[in-house]
């Protein structure tokens, strides 16, 4: 069992310690500004591209619409990790409460799966464009495009919701997460009992979306 630090289950409120990084004394503000700069670059870069695609009607085509969805995925992933990391650097405390930890882990995993499902929609779009070029516009209509993108997000959310459903009623016996952010495995690694169902399901999802 990973990070098992207590024999008896913890009671709420649970506060985790993130031990995936070391902050040298006095370097917290510098690391904070570096992380802030990185986050601002991510927001500005993705935001400008999304704005251009939304405002320019000539870019309202399937590939550009799906690029927007990928940019939203990028914003979700960076927002799930960087703001919390900045607070850890600024306050020089690496703690996170249970509910924010679950929310961060859920967002990070949703980002990872949504990227794959959106890429799957992009692959389907390219398949239609190559194999059915004369019927492409009849097949890939605006309604079908938005339905496919919505299905990609819905599938990602559903897969991750089921994954985190395994957290219900699982007692935790540790507080130390050996990572810079919270993840499903990082949290369940602190469980007082084995979690084979979560492990099998998580590996199945990974293999399914990678293939």
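Cβ atoms here come from the backbone N, Cα and C positions, even for glycine.
The transmembrane segment annotation in TrEMBL covers 30-54 (among others).
Per TrEMBL, the feature domain 'G-protein coupled receptors family 1 profile' maps to 45-211.
The transmembrane segment feature in TrEMBL is assigned to 66-90 (among others). When Cβ-Cβ distances below 8 Å are used as the criterion, the transmembrane segment (66-90) is approached by residues 18, 23, 28-29, 31-32, 35-36, 38-39, 42-43, 46-47, 49-50, 53-54, 96, 100, 104, 107-108, 110-112, 114-115, 118-119, 121-122, 125, 145, 149, 152-153, 180-181 of the same chain, each at least six residues removed from its ends.
Feature annotation from TrEMBL assigns transmembrane segment to 96-124 (among others). Residues 12-16, 18, 63, 66, 69-70, 73-74, 76-77, 79-81, 84, 148-149, 151-153, 155-157, 159-160, 163-164, 167, 177, 181-184, 186-187, 205, 209-210 of the same chain lie 6 or more positions beyond the ends of the transmembrane segment (96-124) yet place their CB under 8 Å from a CB of it.
Residues of the same chain lying 6 or more positions beyond the ends of the transmembrane segment (145-166) and with a Cβ under 8 Å from any Cβ of it are 62, 65-66, 69, 102, 105-106, 109-110, 113-114, 116-118, 120-121, 124-125, 184, 188, 195, 197-198, 201-202, 205. Taken from TrEMBL, the feature transmembrane segment applies to 145-166 (among others).
When pLDDT is averaged over the domain 'G-protein coupled receptors family 1 profile' (45-211), the result is 89.
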